[in-house]
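For reference, the structure is listed below as structure tokens.
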Amino acid sequence: MKLKSLLLRYYPPGIMLEYEKSGQLKTKSIDLLDLDPSTDVSALVEEIQKAEPLITASRSDQVKLLIQRLQNKLKQHSNHKFYLFKVLRAHILPLTNVALNKSGSCFITGSYDRTCKLWDTASGEELHTLEGHRNVVYAIAFNNPYGDKIATGSFDKTCKLWSVETGKCYHTFRGHTAEIVCLSFNPQSTLVATGSMDTTAKLWDIQSGEEVFTLTGHSAEIISLSFNTSGNRIIMGSFDHTVTVWEADTGRKVYTLIGHCAEISSALFNWDCSLILTGSMDKTCKLWDAVNGKCVATLTGHDDEILDSCFDYTGKLIATASADGTARIFSAATRKCVTTLEGHEGEVSKISFNPQGNRLLTGSSDKTARIWDAQTGQCLQVLEGHTDEIFSCAFNYKGDIIITGSKDNTCRIWR
């Protein structure tokens, strides 16, 4: 085994090792999820060397340098103020969803007008209109981190795969018997998964355009669906109050998470795939052990339905958004509420951390998005200007661009 190169990975913090083994190039990652501005880097490098034979003494200076760069990045506890950069009236009919590519250089919008549009973020210019669906385009995604393909899921029961460069349609995936409402690429960008009102999910091969598996077993619509970090597991949340986890390469069900007593609103793995977080209309979130599917904690405190929930990139913090008008931050270790984010005057339907993990973004029916300090829970900025509720808001990978989508039929770019 021969180490070829060391690459820095900012979010979540870590180092990627590229090495050669019997003539084949392989990669391996060292996660540095516990790195913070006060970490003793020399001691950390010693620990890494003990655990990782690929990192020889001659490489230790290089590793130290990479970790110091990471540490400096974490120290830039960005006091970035966002300003309104562009307002785009994207479609004549209502918007359904917006999504950014990894860098934030372009984004997509889905609409009731049966199209998906691709936009250049810097100029606000429309790059392509993806036409061909025969009903509402509801679920949309880039195949991040690559960003060269787009998937669109429609109420016409099909999913289409498109080229970002040309706007041409590669494949139309047919097989669902009802509306497609959620979709996700696997991290390797070899599969796309679709979830439907027909109570099933399907996996499709991006290369061939063929259906790989149908995942059946739920008794109501699938509303949330995502892959874990390594792409070997799929998690699905349903209106039947349960969540299921599946093997991506065999289509076998691993287990069903039973415990919520109302519809599921979100279901996802943390970065190292050790925990699963589920949010429900029963006003609670639950944490589950991803190895055995046992519930390890119920996060309570909200007075109304949980509409969205997420982990930060290191998996140390959990954020929840609720119809009660508040958001909460919980510690994943203690399972206790650390702080409550109060200030919105309507239900909070979207929540996400910036990749650095020091800021939270919320979107609300009060027509505003807000940026919060993830440590203190203090509101740092209110993004105002939309004239109807915000249903979508997201950071790019660097955390220096925000996009908001509203029922007022505009997208706003903030930077």
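Each residue, glycine too, has its Cβ placed from N, Cα and C.
Feature annotations, courtesy of TrEMBL:
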type: REPEAT; residues: 88-129; note: repeat 'WD'
type: REPEAT; residues: 130-172; note: repeat 'WD'
type: REPEAT; residues: 173-214; note: repeat 'WD'
type: REPEAT; residues: 215-256; note: repeat 'WD'
type: REPEAT; residues: 257-298; note: repeat 'WD'
type: REPEAT; residues: 299-340; note: repeat 'WD'
type: REPEAT; residues: 341-382; note: repeat 'WD'
type: REPEAT; residues: 383-415; note: repeat 'WD'
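Contact between the repeat 'WD' (383-415) and the repeat 'WD' (88-129) holds: at least three of their C-beta pairs are under 8 Å, each pair 6 or more apart in sequence. Each residue of the repeat 'WD' (130-172) gets a DSSP state, and the totals for helix, strand and coil are 0 helix, 22 strand, 21 coil. Broken down with DSSP, the repeat 'WD' (88-129) shows 0 helix, 23 strand, 19 coil.
Outside the repeat 'WD' (215-256), and at least 6 residues removed from its termini, the chain residues within Cβ reach (under 8 Å) are 178, 181-188, 191, 193-203, 262-269, 271-273, 276, 278, 280, 282, 290, 292-293. Mapped onto DSSP helix, strand and coil, the repeat 'WD' (341-382) counts 0 helix, 22 strand, 20 coil.
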